[in-house]
2 protein chains.
Amino acid sequence: MELEENSIEIDMKGEMKLRQPLLVKNRRNHTSQHAIVGANICPIESLDYEIIENDLFKQDWRSRTRVEILQYVSLKWTLVLLIGLSTGLVGFFNNLAVENIAGFKLFLTNNLMLQEKYYRAFAAFACCNMVLAAVAAALCAYISPAAAGSGIPEVKAYLNGVDAHSILAPSTLFVKIFGSVFGVAAGFVVGKEGPMVHTGACIASLFGQGGSRKYHLTWKCLRYFKNDRDRRDLITCGAAAGVAAAFRAPVGGVLFALEEAASWWRSALLWRAFFTTAVVAVLLRGFIEFCKGGKCGLFGEGGLIMFDVSSAKVAYSSTDLLAVISVGAIGGILGSLYNFLVDKVLRTRGPSCKILLAVTISLLTSCCSYGLPWLSPCIPCPRRLEDHCPTIGRSGNYKNFQCPPKHYNGLASLFFSTNDDAIRNLLSSSSDGEFHLSTLFGFFVAVYCLGIVTYGIAVPSGLFIPVIIAGSSYGRLVGTLLGSHCELDAGLFSLLGAASFLGGTMRTTVSLCVILLELTNNLLMLPLMMLVLLISKSVADCFNKGVYDQIVKMKGLPYMEAHSEPYMRHLVASDVLSGPLVSFSGVEKVGNILHALKTRAHNGFPVIDEPPFSNAAELCGLVLRSHLLVLLKEKKFTKLRVLMGSADLMDRFKAHDFGKAGLGKGVRLEDLDIEEEEMEMYIDLHPITNTSPYTVVETMSLAKAAIFFRELGLRHLLVVPKTPGKPPVVGILTRHDFMAEHILGLYPHFNPHE
Amino acid sequence: MELEENSIEIDMKGEMKLRQPLLVKNRRNHTSQHAIVGANICPIESLDYEIIENDLFKQDWRSRTRVEILQYVSLKWTLVLLIGLSTGLVGFFNNLAVENIAGFKLFLTNNLMLQEKYYRAFAAFACCNMVLAAVAAALCAYISPAAAGSGIPEVKAYLNGVDAHSILAPSTLFVKIFGSVFGVAAGFVVGKEGPMVHTGACIASLFGQGGSRKYHLTWKCLRYFKNDRDRRDLITCGAAAGVAAAFRAPVGGVLFALEEAASWWRSALLWRAFFTTAVVAVLLRGFIEFCKGGKCGLFGEGGLIMFDVSSAKVAYSSTDLLAVISVGAIGGILGSLYNFLVDKVLRTRGPSCKILLAVTISLLTSCCSYGLPWLSPCIPCPRRLEDHCPTIGRSGNYKNFQCPPKHYNGLASLFFSTNDDAIRNLLSSSSDGEFHLSTLFGFFVAVYCLGIVTYGIAVPSGLFIPVIIAGSSYGRLVGTLLGSHCELDAGLFSLLGAASFLGGTMRTTVSLCVILLELTNNLLMLPLMMLVLLISKSVADCFNKGVYDQIVKMKGLPYMEAHSEPYMRHLVASDVLSGPLVSFSGVEKVGNILHALKTRAHNGFPVIDEPPFSNAAELCGLVLRSHLLVLLKEKKFTKLRVLMGSADLMDRFKAHDFGKAGLGKGVRLEDLDIEEEEMEMYIDLHPITNTSPYTVVETMSLAKAAIFFRELGLRHLLVVPKTPGKPPVVGILTRHDFMAEHILGLYPHFNPHE
């Protein structure tokens, strides 16, 4: 940064290529233009949600015929349908693969145990896990580091307007799918929902690329999708489809996408997301119907309801409410502690030895899963369940493990199965008294800690399932503790415990409520569940932010909050501007443009009309770097400083030539090949200048400007002077200028916590 | 309007009190400043959601201490809690009153019928109905005409930024509660959910008034709520609480408020609305517990689930899907026909004879309810149900009516009970074959037509229940027709029919889905329900708009859509400006201000600084009518044209003196008492001028400006010239300038349907 600044000053003094900047301020924005995506540091860029009203676009916009609009609308629905179908398919495949791989692993171990070859059983178990873990980590490390972690923070940041090349790349999609399958099958305490959200978003991004020249997929209609607004809509639908496929919760998926992931909502978007998740639901229902009778292994057990607790009777007295309230409050505290610890662990972890770390943690997990049950006593099977107890070689409660016949090992029932089965066992209400207090306590502590250390290893790892497992074991623990003092049974307490943990970590409300309903099919629990969510969220909000918000911040993604900070009220827009501002004249020298593009990282430049093209200096608009590059590539220069008009340009260009290509796909600076004599020629920027950029007056309070910026989803916000003067623009506000680090760096006396 | 215009011109020529308007255009905005609220025409006004950054406000904003912010936040939560509690209480009372009044009425009639006094039974039945109808209509006609109808369109318009004094007045609240009770008890085919939404909004508005000077409720903290932004949030929560209380559907309530009612969503608002409805749910759960064992009559049957169908087995083959799809498609067509007919009926109905109309329709309803069952044959009770059939003198299926013992009258089971019971009968799956085809057909036609003619009489009348009844009888009809060709039973078809009708009329998706789930407690139906909603909404969208949107339009409420119309792309902002523009100087003569306030209906005036206060004419900001009135009332004038500064003013005023009072409560023009010599004195407008109003350049396309206006929820949008010139403002855009009637009036060659 410093180096760049010097080189410009030398340039200015030496060759004076660059016009004197309008605003030379010592002030610089030092916030990073890089952030952690997945496991690697990447350059980031803002997205353009603004309608870029330049001549070419307006021409295209106005001339759209009815047929073209119809094409656009029907294509958008088609894409959404395809997104739903693909995400549903991936969800099905994911489920199937995990169930079968994990099933084979457990079957193998179980067989060895039945032969009483306990060490060999452990070796087989641990080896399977470690190999799977190593493959998942290797995929992440060597193919796409962006696929590590949950993916929800990245999707959230993307939908807030921050892009990085790798967030939604095809390679990320590939690794996310297979990495998640191997990671979950390896027995890690991780879930597949976060990765499914990311997968859905990647699929949507793939469909929303507007065709591909490389593969000759340039159907004319696809060009309408070459803009960030339409892509945003598609990706929101993709995220919704991801949740819907992971949890088989279509309505919850829509709500999760809107409450947690998306930054801008519209009713039309809700409707479209609903359509996508309905497609997923119908598809999954079809697969489940198809798989009936064990054709696909364990897939589809429980139908669309993954953890059915509808059989449980819900009756509670007002005294039970007290217990429920304390479950919520303690769950909130534990949830916020979880967030705190996840954050701490993520921050201490270096970028090196990704595979080794994954293998180590896999070994630790194997030790816990296989070792801890040995500490648990063998319990005789209850009389009434002699047919079902113990279960050997199939999923279900009452695992036999090392116990003699007609006995079962409580801890093994939880540890020695897939995460989904463990949750099912914890929530089931038919098994009152199955788990002893010590069993539940041991399981809770182990899972809570494993969940924390596991998140953030270089494997696609969702946070939902770890939190639900820890929460439901905590709830069941409380339920068992209270025993007969309470009318609610332990299974329902387990559900409430899961709700309290989710509320305490995720901090969403409506979507969690609906997801839990769709998972458990017990509407009668709704008032209690709402109460628990309310309390746990309120309690946890006293300590820290939601886990995704924390991770977004930790990763350095410049997320725009929906509200302004109190200290912004004391500042005005011009207080945080950083200079120097580089602007172009309406008809500008090619050399100047090229120089600015080379030496500045800015993506938008104000265009100022000056005499003889206007009476006085006036703001013509804003021009984007990407548009300048396309224009320069065509080399339509003039010797003299004259207006060229847009008619001429329109013959050469179509509006979609300026459509936004996927990140890294547009014209790059290195692609230009401008010769020395052309540097002194002129080019008319008017046809590609957005003539109605959003402006605010320099005296607007920063708080108001921040809300303005956020609500309209801007990338550049021009600041104009209060008093009409020579320079018609004072500066440009970008996302980075609203970040706390920048503002508090300039004005350290403000207290951000006030 | 015309008269006013003349008087101004005479004024200008005669006394020249008014400065020459900056922009004298012949163009006028002729859109009405009045709209139909409930049953009467009222003047309407826009709401101020913008942060009015004047000196006084900024001072107040910045000086808020931590304690004050904490007070504000905790008070907001307290208010939301109170809203939830009050709405829950009203919902409980409403239910109780309806069940008991209607129960008494049916009991009376039944007794007379058992004595075979059929004519007297009819007389008693019809008289009860007509008296109740007359009382409800009289309440509406004489106390608050704004309470007529559903209320959802009015709440929707309010949350979009359109206010009318009576929309949320206390008298409206009173009439809405009692009118709805009497209307529903009178046996009209109307529901109580629309009125409950309106009731919730009224309660929220009452709490959000920021105290009342009249009743000495001016607690200091309440002043923070004297603005439209906070009121909007509270009223959204109130609307959510209303749905939650009416349907006992807390999550559905939140989603309905956000999807249908609210125009602006924020995650924080979602969370607050969720809290409100959770309070309602917990409260209702408590009441139901309390009422167990018949303490409160029929209230609370079914607990929180009003129409439980969870017992029904859901199994369907792919051939059944075909039937379901056609149910959705035909339901969509019938739903859009319903909208069309409701609109037609509303438009033909004059404003006169409200009570007579209500009584006539009541008589018609009574004739249908009592008369049509006579046409239905008596059916012998099924063997297996001898204990439950026929039911005499209590709610339930298998009404005896005029039939001999051990026989029942199918049509009477539907007609001769409350609407809720009719729905319960239609949805119940244990009663396959209870209703004959002819019975269902007759009921469907009667209810469909009655629903259409009843809506819009001067009685609080919700649309949900009529649509659900008609839809479920349609669905049951189809289910019975298909009979054994289909695996799904008639009760589930009934549910799908209701979903298809709701989708076809309301056109919301996610919220309907959740509401239906919460009403019926059958999550296994979710994929089918989503499918039906999707299809019916898509089909119906081909014909017309949703019923609430239609009514909003019919009532003339200037609703800002979230999207721009295609013809707006061809226009720029200055094309729709209407003149003349009245502006003030920074230090203005009192007489000029007074004259402008008297002769213009505008609510915002640009303030322009001129020499000697600035070097050239420059835009200082925007001043609001309400602020001017408060300032003028204080009579802080100066003899000379000098700046007074805000320090002096701040001693006299507190920021909350300028806080927005409830409609009709602020200082009025008539309250001012300015003497002749004071007219020639000056007043400094700087301290109350919003110095950072939102501006757009005159060349911005109208489409972009419309989205800008809508997303930020503006009332005034200043249009500035492209080229810096003498007048720094070209005009002001308001909500009315974006209305299709205005734009298409100016440019009739645009086709709005293209």
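Glycine is no exception: its Cβ is also placed from the backbone N, Cα and C atoms.
Where the annotation comes from TrEMBL, it is an automatic prediction and has not been curated.
Here TrEMBL flags A:688-752 as domain 'CBS'.
What TrEMBL lists as transmembrane segment is A:77-97 (among others). Long-range contacts of the transmembrane segment (A:77-97) within the same chain: residues 177, 180-181, 185, 192, 196, 199-200, 203-204, 207-208, 225, 234, 237-238, 241-242, 244-246, 272, 275-280, 283-284, 287, 296-297, 299, each at least 6 residues beyond the stretch ends and with a Cβ under 8 Å from a Cβ of the stretch.
Below 8 angstroms of C-beta separation, residues 38-39, 101, 105, 108-110, 112, 166, 169, 171-172, 174-176, 178-180, 182-183, 185-188, 354-355, 357-359, 361-363, 365-367, 369-370, 402, 457-460 of the same chain, each at least six residues beyond the ends of the transmembrane segment (A:118-144), sit close to that stretch. The transmembrane segment annotation in TrEMBL covers A:118-144 (among others).
Through the fold, the transmembrane segment (A:164-190) approaches residues 35, 37-38, 40, 42-45, 90, 93-94, 97-98, 101-102, 105, 128-130, 132-133, 135-136, 139-140, 143-148, 151, 154-155, 157-158, 196, 198-199, 201-203, 205-206, 235, 361-362, 365-366, 369, 418-419, 447, 450-451, 454-455, 457, 459-462, 465-466, 469, 663-664 of its own chain, all at least 6 residues removed from its boundaries and within a Cβ separation under 8 Å. Taken from TrEMBL, the feature transmembrane segment covers A:164-190 (among others).
For the transmembrane segment (A:234-258), the list of distant contacts is 76, 79-80, 83-84, 87-88, 90-92, 94, 155, 158-159, 168, 191-193, 196-205, 207-208, 225, 265, 269-270, 272-281, 284, 304-306, 462, 464, 508, 510-512, 514-519: same-chain residues at least six beyond its ends, Cβ to Cβ under 8 Å. What TrEMBL records for A:234-258 (among others) is transmembrane segment.
What TrEMBL records for A:264-284 (among others) is transmembrane segment. Counting same-chain residues at least six beyond the ends of the transmembrane segment (A:264-284), those with a Cβ under 8 angstroms from any Cβ of the stretch are 76-77, 80-81, 83-85, 87-89, 91-92, 159, 232-233, 236-238, 240-241, 243-245, 248, 250-251, 253-254, 257-258, 304, 713.
For the transmembrane segment (A:322-341), the list of distant contacts is 316, 448, 451-452, 467, 470-471, 474-475, 478, 482, 485-486, 488, 493, 496-497, 499-505, 528, 531-540, 542-547, 550: same-chain residues at least six beyond its ends, Cβ to Cβ under 8 Å. The annotation transmembrane segment is assigned in TrEMBL to A:322-341 (among others).
Using a Cβ-Cβ cut-off under 8 Å and counting only residues 6 or more beyond its ends in the same chain, the transmembrane segment (A:353-375) has close neighbours at 39, 109, 121-122, 125-126, 129-130, 132-134, 136-138, 140-141, 148, 186-189, 401-402, 409, 411-412, 415-416, 442-443, 446, 450, 453-454, 457-459. The transmembrane segment feature in TrEMBL is assigned to A:353-375 (among others).
Per TrEMBL, the feature transmembrane segment maps to A:440-469 (among others).
Residues annotated as transmembrane segment in TrEMBL: A:523-543 (among others).
With DSSP classes pooled into helix, strand and coil, the tally for the domain 'CBS' (A:688-752) is 23 helix, 12 strand, 30 coil. Within the chain, the transmembrane segment (A:440-469) has long-range Cβ neighbours (under 8 A, six or more residues past its boundaries) at 39, 133, 136-137, 140-141, 145, 147-152, 175-176, 179-180, 182-183, 186, 188-196, 198, 246, 334-335, 338, 341-342, 345-346, 349, 354-355, 357-358, 361, 364-365, 368, 372, 375-376, 411, 414-415, 419-420, 422-423, 426, 476-477, 480, 498, 501-502, 505-506, 547. Averaged across the domain 'CBS' (A:688-752), pLDDT for the predicted model comes to 90.
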